[in-house]
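The structure appears below as structure tokens.
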Amino acid sequence: MENHLKEAFRLKNIVTLMMGLMFMAAGVSLSRIAGLGTSPIASIPNVLSYMMPLSIGSLTIIFMIVCVGVEIIFLKKKFSMANLLQIIPGSIFGMLINVFLSIFSFIQVTTYWQKLGLTVISIVVLAFGVYLEVASHSIILPGEGVAKAISIAMNKPFAKAKIWVDSSMVMVALILALVVFHSLTGIREGTVLSALLVGHVVALFKRWFADKV
């Protein structure tokens, strides 16, 4: 564990992680502006942001902390400093979402096809960020941390646990939207597209940039 933390805090790893967080936050911000739903990891904060006087970025920070709390429940005595440190990139991710929402505030989309096009762009940007996050071999975001914790606690493959976690996040966001708004406010086809496409686009980036990051 100590060696893992040392590797995680190497300058190259930190720079790559920060770049990844920037692209991920930019992707979430663009999807928010498009208005067709965000990625699963941001779906709950996105829906909540329509209910509360808090930005999606601020709610993402709170959600990241909650995710670390869920990790404690699953890992119990196996919970470590590496898990707790996930709050740092999680908080930076939330703050960057707010920053990019401000930067991209000039973008205006009116027609459905413009919104769909911006959603596709957001998916590509988000996927590149996810690729960099993984390639950094640094501290993971709490969203992935929950999946990893479930994988360890239930002795299941990480990929399967990730599907469970993403599906659960989308279901919770969907229930919140239906109960409060009686509509799909904050969670729409963009969420489904993101869930279906991000992994494939990440795989493409991995193939294109192999051994370059």
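Using the three backbone atoms N, Cα and C, a Cβ is placed for every residue, glycine included.
Annotated features, as they stand in TrEMBL:
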{"type": "TRANSMEM", "residues": "14-34", "note": "transmembrane segment"}
{"type": "TRANSMEM", "residues": "54-75", "note": "transmembrane segment"}
{"type": "TRANSMEM", "residues": "87-107", "note": "transmembrane segment"}
{"type": "TRANSMEM", "residues": "113-132", "note": "transmembrane segment"}
{"type": "TRANSMEM", "residues": "163-184", "note": "transmembrane segment"}
{"type": "TRANSMEM", "residues": "190-209", "note": "transmembrane segment"}
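Take the transmembrane segment (87-107) and the stretches 54-75, 113-132, 163-184, 190-209: counting Cβ pairs under 8 Å, 54-75 has the most.
By the count of Cβ pairs under 8 Å, the stretch nearest in packing to the transmembrane segment (14-34) among 54-75, 113-132, 163-184, 190-209 is 113-132.
The list of residues near the transmembrane segment (113-132) in space but at least 6 beyond its ends in sequence, with Cβ under 8 angstroms from a Cβ of it, reads 16-17, 19-31, 33-37, 39, 107, 189-190, 193-194, 197-198, 201-202, 204-206, 209, 213. Beyond the transmembrane segment (54-75), the same-chain residues lying 6 or more positions past its ends with a Cβ under 8 Å from any Cβ of the stretch are 25, 28, 32, 38, 42, 44-46, 48, 83-84, 86-87, 90-91, 93-99, 101, 141-143, 145-146, 149-150, 152-153. Distant neighbours of the transmembrane segment (190-209): 31, 34, 36-40, 43, 119-120, 122-124, 126-128, 130-131, 134-135, 166, 170, 173; these residues of the same chain sit at least 6 beyond its ends, with a Cβ under 8 Å from one of its Cβ atoms.
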